[in-house]
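**Student:** Below is one structure. I have some questions about it.
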């Protein structure tokens with residue numbers, strides 16, 4: 001026992017040993033205790049001082065970092081204010097120049113009208129008695145009136161710029177004023193996004209000019225704008241131009257005795273003259289767009305109809321050969337059809353599972369690409385039966401698209417939540433893998449050769465720069481958790497469907513939708529659960545405010561963006 005107590009005492013700290021000694025009644029004098037207490041107090045004060053110094057040092061570093069952050073924010077705000085000041089001056093100057101040009105044109109027109117009135121009045125100055133004598137005083141009076149009127153107009157034009165705001169306001173008619181008010185309201189509704197886009201553009205302009213000073217002379221256009229401000233003006237005009245979608249035509253060719261009415265794909269042909277629909281009905285229907293828009297609903301029938309063995313998932317018109325259209329189906333077969341003869345031209349059967357997507361090259365009319373649940377991307381040439389390229393992504397393929405300005409670059413959306421961007425001349429590795437979506441990437445579409453849009457069942461759309469390999473923007477507002485709801489793009493807008501049976505339109509610079517439209521319920525089946533229906537495909541009429549949309553009931557609507 002003594003040995004054990006000795007071992008414990010040896011392992012104890014000096015403070016523990018002192019505490020044990022005092023508890024055991026060891027003899028300690030008052031002087032020794034006072035000395036010990038003094039040492040302990042000194043130790044305590046030293047520790048408290050070190051703790052305070054450490055705490056103050058941390059606080060000082062925090063405040064210094066906070067000050068640095070706030071100074072940076074202040075500098076950024078001051079720079080932003082300078083941008084706004086410069087741009088305000090540029091816009092006001094441009095506006096004033098437009099006003100001056102309008103005044104000059106109005107003065108010129110008045111002069112022409114006055115000259116014309118003198119010429120036409122002269123015959124009436126001839127003596128009514130037929131003497132042929134013209135009153136000189138009358139001529140001089142009329143000419144004096146015209147000269148006086150012109151002189152007064154010029155003086156008014158000289159003074160007008162001082163009252164430009166009042167004059168502009170007075171010149172607006174009620175309709176125009178209402179339109180301006182509506183556009184202001186749209187700006188307020190999207191203010192945060194618009195502000196963010198403007199500042200991003202202007203800051204980018206400054207960074208670029210700092211990196212390359214000689215570029216400054218080139219970023220100013222004839223109106224005194226920098227290129228970014230001119231771009232922002234265009235975007236602002238586009239954002240505020242439309243606010244709703246209007247139905248101009250509707251097709252209801254659904255089989256009322258069948259629940260399988262989903263239109264999986266809807267696509268315009270090369271010239272936007274015809275459009276085709278396909279889906280689980282196993283039929284490709286081709287319609288004349290002009291007839292659909294202009295003729296009564298009961299007269300709207302497909303001009304061509306072709307049958308497939310299996311349910312169809314995707315369509316793609318040939319961008320060069322007008323009568324060729326490709327389809328992919330649930331058996332994994334990729335078919336090229338001749339719409340004129342209504343027969344298949346080629347059938348490719350290498351896919352081992354459902355093929356979700358097919359796309360013709362914009363550059364080479366003989367090339368097309370497809371993607372399937374067998375995890376394979378296959379490139380086909382219409383001159384041969386076997387695929388010319390096969391890429392194994394190890395994930396289900398949902399969408400494939402050619403870059404519109406290249407026959408070698410393709411984008412692939414897959415179930416691994418990524419977009420794989422390939423150069424077909426070297427398929428060992430993708431050029432880039434774009435990450436950001438949290439669920440399956442269901443669609444990919446190119447707005448331009450550098451801009452790629454993607455849709456995912458995570459409920460978002462994303463815009464990517466495939467040249468710089470960076471994300472540009474994320475869009476949200478629609479609902480998409482499990483279905484293919486369609487994606488369509490043009491140079492400025494992105495349209496998609498929603499599982500709420502609505503169509504949403506986004507301007508590519510703004511993350512919130514600028515317009516939406518909900519499909520009406522099917523009056524033929526009032527007992528049906530309308531919450532189960534969703535938009536299944538969308539398609540833009542190229543560089544036009546017109547959109548083709550279809551839903552899971554088999555209803556096709558032609559929509560137009562309007563103010």
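Note that the numbers count up from 1, one per residue, in the order the chain is shown.
For all residues, glycine too, the Cβ spot is worked out from N, Cα and C.
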**Student:** If you look at how TrEMBL annotates this chain, which of 145-177, 178-210, 211-243 comes out as region 'Disordered'?
**Tutor:** 145-177
**Student:** Please report, as numbers and ranges, the same-chain residues at least 6 past the borders of the repeat 'WD' (434-474) whose CB is under 8 Å from any CB of it.
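**Tutor:** 396, 398-406, 409, 411-415, 417-419, 421, 480-491, 494, 496, 506, 508-509, 511.
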**Student:** Would you report the average pLDDT that the model assigns to the coiled coil (30-94)?
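**Tutor:** The predicted confidence over the coiled coil (30-94), as a mean pLDDT, is 88.
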**Student:** Tally the residues of the repeat 'WD' (434-474) by DSSP class, grouping H, G and I as helix, E and B as strand, and everything else as coil.
**Tutor:** 0 helix, 23 strand, 18 coil
**Student:** Per DSSP, what is the residue count of the repeat 'WD' (348-390) in each of helix, strand and coil?
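**Tutor:** Secondary-structure breakdown of the repeat 'WD' (348-390): 0 helix, 21 strand, 22 coil.
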